[in-house]
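Step one of this worksheet: look at the structure below.
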């Protein structure tokens, strides 16, 4: 019983010393870490999606971003992208009616300008 208490006490003391050493080491490395983060490109942390709301009048570029296709995509690719996105965002399955309307508007805009 006494040896267990001593072992636990030594373990706690060792953890305390290790934590103190780690904090001191981090203080010395702080300028280097800041320099590394400043040298990274700003887009590294921006995420992989378009940040911004919808434009008042939908453009071809915005429609392509919504559907995830090229602005010059053919009708088959536009239909496939529309179907895939609507399966995920359909209002009958808990999706937003506003988002569904924007997806449909994007499909209509791109299909009107796409080649067969």
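Cβ atoms here come from the backbone N, Cα and C positions, even for glycine.
For residue 2 (N-acetylalanine), no same-chain residue that is 6 or more apart in sequence has a Cβ closer than 8 Å to its Cβ. The feature N-acetylalanine is assigned by Swiss-Prot to 2.
Beyond the ends of the transmembrane segment (4-24), by six or more residues, the same chain brings no residue to a C-beta distance below 8 angstroms of the stretch. What Swiss-Prot lists as transmembrane segment is 4-24.
Residues or ranges marked as topological domain 'Mitochondrial matrix' by Swiss-Prot: 25-116.
According to DSSP, residue 39 (phosphoserine) sits within a helical segment. According to Swiss-Prot, the feature phosphoserine maps to 39 (among others).
In the domain 'J' (62-116), the DSSP tally of helix, strand and coil residues is 41 helix, 0 strand, 14 coil. Among the features that Swiss-Prot reports, domain 'J' is placed at 62-116, with the record citing sequence analysis.
Other Cβ atoms within 10 Å of the Cβ of residue 70 (phosphoserine) number 11 in total over all chains. Residues annotated as phosphoserine in Swiss-Prot, with similarity to another entry given as evidence: 70 (among others).
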Taking only the Cα atoms, work out how far residue 39 (phosphoserine) lies from residue 70 (phosphoserine), in Å, as a whole number.
32
DSSP three-state call for residue 2 (N-acetylalanine): helix, strand or coil?
helix
